[in-house]
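Novice: Features from TrEMBL:
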- 1-26: signal peptide (SIGNAL)
- Cys35-Cys51: disulfide bond (DISULFID)
- 65-213: domain 'Cupin type-1' (DOMAIN)
- Asn100, Asn110, His115, Glu120: oxalate binding site (BINDING)
- His113, His115, Glu120, His159: Mn(2+) binding site (BINDING)
Amino acid sequence: MELHYTKRPFLLFLSFTLLLVASTRADPDPLQDLCVADLGATSVVVNGFPCKPASNVTSDDFFFAGLSREGNTSNIFASNVTSANVLSFPGLNTLGVSMNRVDVAPGGLNPPHSHPRATELIILLEGRLLVGFISTSNQFFSKVLNPGEVFVVPKGLIHFQYNVGDKKALAITTFDSQLPGVVIASTTLFGSTPAIPDDVLAKAFQVDQKVVTAIKSKFGN
């Protein structure tokens with residue numbers, strides 16, 4: 001009886017650990033072959049999207065041509081991200097994967113941002129990109145990528161892609177989530193709705209409030 005009792009705490013601990021590990025995966029495993037997202041459903045709220053009726057599913061639900069088209073980089077960052085996630089590609093629902101096409105003009109920047117729900121794998125197809133991320137211990141890791149080279153960004157960490165070449169850069173990024181989410185540092189802080197008070201940002205960045213006001217104006221605040 002005593003031996004049985006001493007094993008119980010260990011078994012409970014082991015069970016709890018396995019449950020914890022299983023719960024930390026980016027997206028849960030699917031419970032059926034397919035579940036094409038019904039993006040128009042309003043009566044059901046779940047962590048993801050409800051399934052389209054199987055009788056309405058077609059081959060087009062598993063096809064997306066958006067990544068074949070070059071993105072428009074005529075903006076303040078001279079970059080463009082085309083997303084192939086569940087919102088634009090409903091066939092990805094419950095599959096736990098998505099992709100982006102990243103176009104960056106010479107000198108352009110995909111600004112510092114994070115994906116709260118996914119790890120990111122970057123493969124460069126054209127040009128030269130400086131890619132990097134900052135860890136929670138404030139350490140900066142970076143590499144200049146050439147075509148065919150790959151860089152990984154751990155889940156949730158701030159990272160960027162900067163074109164250091166003299167021609168356009170094209171990268172494909174992949175994620176272990178159907179909807180990784182994105183938090184762009186600059187637009188989040190200076191373009192939020194409602195706006196973060198100027199004195200909060202001035203204190204955080206140790207600058208004059210006039211500087212904050214000027215930056216906010218670039219983001220529509």
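Note that the numbers count up from 1, one per residue, in the order the chain is shown.
Just so it is clear, glycine is given a Cβ too, placed from its N, Cα and C backbone atoms.
Burial and contacts for the listed features, if you can.
Specialist: Neighbour list (Cys35 (disulfide bond), Cβ cut-off 8 Å, at least 6 residues apart, same chain): Cys51, Lys52, Asn93, Thr94.
Residues near Asn100 (oxalate binding site) in space but far in sequence (CB under 8 A, at least 6 apart, same chain), listed by position: Val81, Thr82, Ser83, Ala84, Ile172, Thr173, Phe175.
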Novice: Using the centroid of the Cβ atoms of Asn100, Asn110, His115, Glu120 as reference, list every other same-chain residue with Cβ within 8 Å of it (recorded oxalate site), in sequence order.
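Specialist: The surrounding set, listed in chain order, is Val81, Val102, His113, Ile122, Val153, His159, Thr173, Phe175, Pro180, Val182.
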Novice: So if I draw a 10 Å sphere around the Cβ of His115 (oxalate binding site), how many other Cβ atoms end up inside it?
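Specialist: A 10 Å sphere around the Cβ of His115 (oxalate binding site) contains 25 other Cβ atoms.
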Novice: Would you mind giving the whole-number mean pLDDT across the domain 'Cupin type-1' (65-213)?
Specialist: 96
Novice: Here are some binding-site residues: His113, His159. Which one has the most Cβ atoms within 10 Å of its Cβ?
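Specialist: Counting every other Cβ within 10 Å of each candidate, the maximum falls on His159.
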